[in-house]
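Per Swiss-Prot, the features are as follows:
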{"type": "DOMAIN", "residues": "29-196", "note": "domain 'FAD-binding PCMH-type'"}
{"type": "ACT_SITE", "residues": "ARG174", "note": "active site"}
{"type": "ACT_SITE", "residues": "SER225", "note": "active site, proton donor"}
{"type": "ACT_SITE", "residues": "GLU295", "note": "active site"}
Amino acid sequence: MEQLVNELIEANVGRVLVDEPLARYTTMKIGGPADILIVPKHVAGIEKTLQLVKKYKTKWTVIGRGSNLLVSDLGIEGVVIRLGEGLEHLEVEKHRVRVGGGYPLIKLSTLLSRQGLAGLEFASGIPGSVGGAVYMNAGAHKSDISNILSKALILFEDGTIDWLTHGEMEFSYRTSVLQTKRPGIVLEAEFQLQIGERERIVSVMQKNKDYRRETQPWNHPCAGSVFRNPTPYFAGDLIEKAGLRGYQIGGAQISEMHGNFIINTGGASAQDVLSLIALIKQTIKDKFGVAMHTEVEIIGR
């Protein structure tokens, strides 16, 4: 591992941090250390990192801005690549937008709305990066990334880089081909938006933000929606009907504000959250006969 660290530093891939606690990089404020954390400063840095990871036969994981993520208390083995600083380029040409995978999604939706571009209003309250949003087909307010993405530039495990079209991304509810068949890193996304009325777009975005503020507990560390909605039901409704609102294990609590959110009240461990998730699954299965599946990504040792 020491030799790998030395080569990563010599290759100038970006910031190289050893045994770096990941709690500070997740919106849940939970997570043990990464053996090696890389914050690449350019695409070449990511490519070189993957070359060295392959050379040393080391496991690797990619995170964005740490939303929709629960990291194990034991941390993550191998190399963790955090997208951000080196992938925040943006190019807007009429209604076509090309943007780096590390660009903050809320910042992008706000900026484009002010330019009178419609289509990203749903993302006005979704924390995280463009890359993470494309990876999991993030959505809200009856829309999602699949409605606006035309193609995405992906760096695959074998080091090749290629564009995947909308069809090749194989989008479904909170899922893409990158989670199922072709693991890779979203370097860039191209969105097709519509030219609209600026005042109306900004108004819709503000309503979405207000709704989130009034119904979701973003004043506490959390990872967003914990469970996928089991059609035709809503996960939050089932959890609340089961009487679990406010239930707490350790420092993790099912939000009083929204049943599908687990908040860190202070000092929560990943195990606290996992115990709550298991309790919810079993309770909903017993009471309603409905199987619950997590939307939050659980990673680590």
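Backbone N, Cα and C atoms are what each Cβ position is placed from, and that goes for glycine too.
When the alpha carbons of GLU295 (active site) and the residue listed as 'active site, proton donor' are compared, the span between them is 7 angstrom. The two recorded residues, SER225 (active site, proton donor) and ARG174 (active site), show a Cα separation of 11 Å. In the three-state DSSP reading, ARG174 (active site) counts as coil.
Taking all protein chains in view, 18 other C-beta atoms sit within 10 angstroms of the C-beta of ARG174 (active site).
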